[in-house]
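Encoded as structure tokens, the structure appears first; notes follow it.
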Amino acid sequence: MNGNSTPPTIPREILSLKDLEAKCLETMAPMVRDYLYDGAEEGHTIRENLEVWDRWLVIPRMMRDTSNVNLTPRTHQFNQSWSLPLGIAPSAMQQLAHPSGEKATAAAARSMNIPFGLSTFSNYTIEEVKDAGRDSVVGLQMYLLEGRRDLNIELMRRAEAAGYKAIVLTVDSPVPGNRPGLIKSNFVMPKHMKFRNFSEDFGGPLDQAQDTQFNDDSTTVAIANDTNPDSAAARTPEQTTKSRGNQLIVDSSINWERDMTWLRENTSLEIWVKGILHPLDAEEAIAYGASGIMVSNHGGRQLDTCVSALDVLPAIVKQVNGRVPVHLDGGIRRGGDIFKALALGADFVWIGRPVWWGLEVAGEEGVRWVIQTLKREFEVVMKLMGCRHVGEIKREMMVTKSGLLSMGGSGVF
Ligand SMILES: Cc1cc2nc3c(=O)[nH]c(=O)nc-3n(C[C@H](O)[C@H](O)[C@H](O)COP(=O)(O)O)c2cc1C
Ligand SMILES: CCCCCCC(=O)C(=O)O
């Protein structure tokens, strides 16, 4: 974190999120940097998430009077109107980047009228963050905890009471991904930071990664046995083993039938499903009552070499066919990326890591700068593309390089 005592601002020479990232890396502690950047295994999916956007080229239309452009999403999301089709995805332990952590992020989201999702593993409470972000704080991201569904129920009650709109169930993380960088840097959350949503002083789920991947003791065996689908799926949520005293463990036995039913029975909030990459999983989510779907590979942090969200988006949008909103995250760094995701059918997009760059450099102000920059870039792209509102963004405005070659001399070209 920036150690200056004067209120930090973003230096004038920083023009893009890429510049901000470089600035952030000048001061970010190596362990925090490793946690933020660490992807699964060799980082293929992280790179894919960043490169996929440039495989699509845009074909602009001219002379369409774009003097006034409306950037608001086509439809309300979480029953609210937002200034942009952009939100802040849940990410754990934001105090690592700034002492005000999730409170600063939520306040920035509020000031820009975009939504924010809070991680189960935040450093500020459901109530504190709601207070900082008010109507912008719409979702509580949920990991279902092994043997401690009582804690999940308590979190949901508190989210309901505080006025959250949705539980965002993350389905791509039955176990932490193989994250070697994190192990090498010996990542642990500093002692003075807490998972403040829990009254007990719990250890975090990433300690689990260290145990499962690199230790050779009896605990490892116990967890490995827990991932056996035959034994796990047969248990009720309450029967899942509470493996270790003070450590929160994500339930690796999560499954559609048992857990979506359990969630629907235990909360009045909307249930959104985060981490969908297959059209048939989108279908499962809808069948079990999901109010919305987030196409995501968890920022490349879980399964290496898995597809990018953008590449599978069209197939998922086709499958969903307008029944629920389809959102996307992963690798969004420019206003043009927002445009491309919408052109391929997303209703809304979310960002993860760029928020940490803003937090690190200038706290709440830095996060606001990130949102303002994406907004400004998106607006310019809309104008140059000849789109006066989000409803005018069309699939036909984009082509892949190989698609462009094969179009030579055909159709209107
Ligand atoms: C540091 C960090 C922590 C994260 N923590 C969570 C989390 O607690 N729950 C969750 O569902 N996703 C989590 N994510 C994933 C994000 O919600 C999101 O899917 C991803 O960051 C989007 O990709 P991007 O970082 O390229 O924008 C985390 C991501 C990062 C970078
Ligand atoms: C079972 C995965 C726990 C990870 C918790 C935080 C997170 O989602 C992330 O670091 O990514």
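Just so you know, the numbers here start at 1 and follow the chain as drawn.
Even glycines carry a Cβ here, placed using N, Cα and C.
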Next on the checklist: Can you find which of Arg74, Arg179, Arg264, Arg334 TrEMBL lists as binding glyoxylate at the same site as Tyr35, Tyr143, His298, Arg301?
Outcome noted: Arg179
Checklist entry - Should we count any of the binding-site residues Ala92, Arg179, Asp329, Arg333, Arg353 as near ligand 1, judged by a CB under 6 A from one of its atoms, and which? => result Ala92, Asp329, Arg353
Checklist entry - When you put Lys274 (FMN binding site) at the centre and draw a 10 Å sphere around its Cα, which of the binding-site residues Arg179, His298, Arg301 have their Cα inside it? => result His298
Checklist entry - How big is the gap, in Å, between the Cα of Ala92 (FMN binding site) and that of His298 (glyoxylate binding site), rounded to a whole number? => result 12
Next on the checklist: For a quick check of packing: other C-beta atoms within 10 Å of the C-beta of Gln141 (FMN binding site), how many?
Outcome noted: 22
Checklist entry - Nearest to Asp329 (FMN binding site) in three-dimensional space, by Cα, is which of the binding-site residues Tyr35, Tyr143, Arg179, His298, Arg301? => result His298
